[in-house]
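In what follows, a structure is listed as structure tokens, so that the remarks can point back to it.
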Amino acid sequence: MTMEALQFLLAAPPGAYDPVARTIEDEPRPSQPPTSALALDIRGLRKSFGDNDVLRGIDLHIPAGQFVTIVGRSGCGKSTLLRLIAGLETPTAGHIVFGEDKLPGDVRVMFQEPRLLPWARVLANVEVGLGTERNSPDARARADAALIEVGLDDKRGEWPAVLSGGQKQRVALARALVSRPRVLAFDEPLGALDALTRIAMQRLLEQVWQAQGFTAILVTHDVAEAVALADRVLVIEDGRIAKDLPIDLPRPRQRGSAELAALEGEILRDLLKGAEDTFEL
């Protein structure tokens, strides 16, 4: 794709050249109420692996329903923080308290790799996200509703092998959404996608977040993605929060706008300064 074509797409109204958005608008919406999101309070959070202190004392409050993005250089601790929030790791010190009693399935994670079962069709892969409720009478209807939300209900009977990379990630998103999580954590889920598919997926993530109302926490290396999606951007440096920047811009946001570019520049300057301090450039 030429730079001119990409700029044309970025300047277009949301959905104008977005096959995902068009599919979702054309399909009937599942008649499900918004999710009751969870707030998070993180106090004195530390994580070490042997002698390596990855997180060095994180204090953070995330209100229910907020969309938070986390950026930082490789090895700064951002993915470790996400895994601690998701309960995939145990902290060395400190604690994470959710706003209400958290139940199994309230927190879900979507990774960069879709991790689909190759021997199961799309609908069955989505049903996996229901966990112990997979055998409930409404399991198939709930999985169908999740596929409609991501614009893939016409692929319910396909095998994962025939899907594109973007379609596989949309199935993974449906699998995460099907249990109606109250917190959804994203660990660089769009990192392996091409530019156009990535933009379409960013818009889809924003749409399902607005529709379901869960608390969203996204780890990404892409500063433009972080600013476009977030209510708030956290910069992690050397295991600590180096910057906590609110993004007070109306939605939907215009990619390539001067306001977004200014915020991206501010965050990039902080990241580059941290790199210079670390490597003494």
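The backbone N, Cα and C atoms fix where each Cβ goes, and this holds for glycine too.
According to Swiss-Prot, the feature domain 'ABC transporter' maps to 40-263. The feature ATP binding site is assigned by Swiss-Prot to GLY72, ARG73, SER74, GLY75, CYS76, GLY77, LYS78, SER79, with sequence analysis given as support.
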Binding-site residues: SER74, SER79 - member with fewest neighbouring CB atoms within 10 Å:
SER74
Based on DSSP, name the secondary structure state of SER74 (ATP binding site): helix, strand or coil.
coil
For SER79 (ATP binding site), name the DSSP secondary structure in the helix/strand/coil scheme.
helix
Give the number of CB atoms, excluding that of GLY72 (ATP binding site) itself, located within 10 Å of its CB.
26
Among all the protein chains here, how many other CB atoms are within 10 A of the CB of ARG73 (ATP binding site)?
17
Taking each of the binding-site residues GLY75, CYS76, LYS78 in turn and counting other Cβ atoms within 10 Å of its Cβ, which one has the fewest?
GLY75
